[in-house]
Amino acid sequence: MLGLGTLARKIFGTPNDRKVKSVRSLVARINELETEFQALSDEGIKQKTAEFQRRVQEGGESLDDLLPEAFANCREGARRALGLRAFDVQLMGGIFLHQGNIAEMKTGEGKTLVATFPAYLNALAGKGVHVVTVNDYLAKRDSEWMGKVYAQLGLTTGVVYPFQSEEEKKAAYRADITYATNNELGFDYLRDNMKASKEEMKQRGHFFAIVDEVDSILIDEARTPLIISGPSQDRSDLYTKVDKLIPELVEEHYKLDEKTRNVTFTEEGNEFLETRLHETGLLPEGQSLYDPESTTIVHHVNQGLRAHKLFHRDQQYIVRNDEIMLIDEFTGRMMRGRRLSDGLHQAIEAKEGVSIQPENVTLASVTFQNYFRLYDKLGGMTGTAATEAEEFMEIYGLGVVEVPTNRPVARTDEHDAVYRTAREKNDGIVASIKEAHERGQPILVGTTSIDKSEALSELLKAAGIPHNVLNARQHEQEAQIVADAGKPGAVTIATNMAGRGTDIQLGGNVEMKVMQALAADPTAHPDEIRARIEAEHAEEKQKVIDAGGLFVLGTERHESRRIDNQLRGRSGRQGDPGRSAFFLSLEDDLMRIFGSDRLDKVLSTLGMKDGEAIVHPWVNKSLEKAQAKVEARNFDIRKQLLKFDDVMNDQRKAIFSQRLEIMEAEDLSDIAQDMRYQVIDDLIDMHMPPKSYSDQWDIEGMHRAVMDKLGLDAPLAKWAQEEGVDQDVVRERLCEAADRQIADKTAAFGPETMRSIEKQILLQAIDAKWREHLLTLEHLRSVVGFRGYAQRDPLSEYKTEAFALFESMLNSLRQDVTQKLAQVRPLSEEEQQAVMRQFLDQQRTAAEAPASVPQPQAAVAPQPAPELVGADNGESQPQAWGDVARNDPCPCGSGLKYKHCHGRLD
């Protein structure tokens with residue numbers, strides 16, 4: 001008997017069925033227009049684009065109303081440029097993307113072509129469209145390939161990648177459609193908000209983004225902050241000394257939690273550490289680990305412990321050319337230029353004995369969650385999103401629609417085979433691979449880490465089975481290995497989803513074979529080469545089909561069902577036959593850490609002998625329940641982190657918005673004046689409290705503060721003795737005196753120069769104070785969790801204190817700007833030019849430095865913003881400066897190096 005839910009679905013269809021049905025009329029309308037657009041000349045297609053742009057930008061026609069015509073024009077453009085006619089299901093995918101959904105489309109269904117339809121339609125608005133991919137190779141490949149379609153339609157295409165010149169990057173963002181990686185988009189956003197002028201900014205807004213492999217970017221990497229950072233002091237000797245202590249620890253000294261990937265010292269461990277740190281001199285005698293002064297050394301020791309117990313060579317990182325290269329846990333690729341933050345990368349460098357690079361301090365940061373929520377509209381594509389539908393809707397407001405396949409999926413998904421030990425499992429894997437290889441069936445073997453892929457490779461070598469290994473070490477050969485993976489009998493071992501974004505075609509990749517043949521014999525006729533290779537390919541493809549298609553063999557289950565489904569999805573593309581199976585053992589990480597008692601009972605009920613695998617639907621269900629629990633826990637973590645990050649995000653948006661207004665403004669004298677007046681108000685409130693009498697005022701303290709903050713030697717003691725002088729009178733006189741001082745400086749500098757100095761001082765102060773604020777918030781966030789022990793909500797505490805810190809930062813900003821403007825003095829024209837050049841160069845260096853994405857947090861490299869122009873910070877007392885390095889900024893505040901200023905050798 002059918003359940004009520006099943007019966008209702010049979011009668012009314014699922015919500016997904018209804019969504020698909022709702023766009024069929026639009027697809028029918030596009031098909032009706034096909035002959036009309038086929039009749040157009042090439043020039044006629046471009047004229048249609050120009051007509052559409054006028055209708056949208058000048059006539060106010062909505063993109064929804066224009067959709068059928070625009071899609072019909074795009075389909076014809078793609079047919080002429082690439083020889084590809086989009087299927088109805090591809091049009092559906094394009095419609096769902098335009099509507100701000102995630103289109104779940106299986107591997108091989110042509111997602112790259114699907115993106116051209118909503119990209120073309122939305123580009124007609126003239127605000128730019130970003131197509132987001134997971135790596136630079138795919139961004140360049142797709143922009144070149146689909147750029148032919150956009151050129152046919154009369155639109156421009158750009159591609160953004162690291163280390164481009166300023167002009168190239170700016171031109172790419174000015175194109176109608178821009179291809180880029182999620183990392184580069186996020187970093188350019190941060191860099192733009194560190195620029196000295198609006199003209200230097202590259203991005204022109206966030207109108208519409210289409211995110212390819214959306215699950216990887218918005219779910220897997222959601223917790224990853226993008227951080228641009230600058231160098232701090234070198235502590236490499238401290239890391240080395242701490243690293244020597246870690247191997248002395250025994251198991252009783254620390255507690256390792258593999259579920260949460262966390263490790264902490266026990267009470268015994270703390271006692272042992274304190275003793276050893278005293279003996280090595282790292283902790284002064286009489287000082288305890290629990291003293292506030294010990295915070296730094298305790299932090300270093302904790303990072304050393306994490307480096308040894310949580311980060312393992314050939315799993316989370318590899319060592320190459322005296323460097324620690326991080327491995328992306330989701331794709332298995334090397335992450336060049338990325339560094340772990342908070343001293344963790346240095347701890348791993350000390351552990352491996354490679355050169356220790358200096359730590360970095362955060363200059364700017366944003367998470368992918370908050371970056372992509374900047375867009376007015378967002379769409380996404382992936383082969384697997386349904387399992388995370390709730391998260392996409394709750395965090396990003398994105399619905400998930402499963403788009404029907406053009407042909408039915410012919411892949412057979414077998415039940416998991418569970419062995420008792422890893423050795424028995426590996427024997428089963430090798431036997432299964434050997435049997436498929438001998439039948440001529442290509443096999444893709446999925447592993448979870450580099451060391452496991454290489455261990456399996458050794459087993460296959462011992463068994464005499466030829467194979468390729470695709471992991472971070474073979475990153476450069478990825479395209480070739482993937483192209484060969486569909487050949488008869490090919491065996492390919494891949495870490496996680498390495499090679500994702502490139503289809504494995506049965507019989508091998510025709511285009512790759514043609515290119516290689518033409519490269520080998522440039523004199524050959526391309527048509528003859530293609531005809532010969534296509535004939536050979538058809539024969540090889542048939543052999544593979546007869547052998548059962550691509551066999552995907554998973555060697556472990558992942559924490560997420562979605563990652564497992566991605567691996568399965570490499571087989572059975574476009575209706576091809578295929579087969580998938582997972583081989584597991586009770587020693588696998590997931591089974592060991594999350595395997596429930598229920599699974600143990602199931603296996604004992606079914607009976608298990610040595611060397612024998614259990615294959616049963618009960619096992620699958622039990623595993624999926626364990627995975628669902630892990631997914632729910634990870635979702636909760638991401639949700640909670642987002643709530644914390646939203647606090648910083650609101651502040652970030654306020655600061656970046658204010659900074660942009662300052663960059664755009666011609667005259668900032670009113671803002672500077674408001675800041676001066678606020679500083680005067682604050683000083684009066686502090687030293688001359690309301691409702692107090694003049695004999696209660698702190699005249700001496702007020703005089704010192706006015707000299708320090710405003711540079712004014714005001715006769716406050718005399719004013720206080722005058723009849724009828726109250727706080728309002730003092731305020732008025734100080735404001736007038738401060739205004740006269742600035743007016744005199746404006747006359748000395750010239751109005752234009754003074755306006756430029758005001759802008760420069762404001763931007764520098766905002767950048768410096770924001771950097772300090774980020775560091776303070778990081779520290780607050782690292783300790784606020786302990787408030788839970790006092791029955792206080794950490795999030796509420798964080799919000800309250802972060803707001804108070806933000807207000808404090810704004811007060812400090814006002815004081816800093818007011819003080820610098822009061823102290824600024826006229827420089828010679830030559831000095832002014834030198835200072836301005838140095839400021840702009842350092843701004844550019846800071847904004848264009850290679851940045852990085854961390855594993856909890858990380859980044860690389862720009863210099864901190866320079867000290868300010870011409871501020872008079874006690875120039876009259878060089879004897880009080882102490883020893884100044886010749887390359888350091890001169891303490892007089894000129895902005896010049898000491899050797900070019902007061903340290904000049906005459």
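Using the three backbone atoms N, Cα and C, a Cβ is placed for every residue, glycine included.
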Which one of 161-198, 313-350, 389-426, 845-882 shows up in Swiss-Prot as region 'Disordered'? 845-882
Among ASP484, ASP503, ASP521, find me the residue Swiss-Prot lists at the same ATP site as GLN90, GLY108, GLU109, GLY110, LYS111, THR112. ASP503
Position of peak Cβ density within 10 Å, selected from the binding-site residues GLN90, THR112: GLN90
Here are the binding-site residues: GLU109, ASP503. Which has the lowest count of other Cβ atoms within 10 Å? ASP503
For the binding-site residues GLY108, GLY110, which one has its C-beta crowded by the most other C-beta atoms within 10 angstroms? GLY108
Suppose the ATP site is GLN90, GLY108, GLU109, GLY110, LYS111, THR112, ASP503. Which further residues of the same chain have a Cβ inside 8 angstroms of that site's Cβ centroid? MET105, THR107, LEU113, VAL114
Residues with Cβ closer than 8 Å to the Cβ of LYS111 (ATP binding site), same chain and 6+ apart in sequence? GLY93, ALA103, MET105, ASP212, MET381
Reading the DSSP string in three states, the entry for LYS111 (ATP binding site) is helix
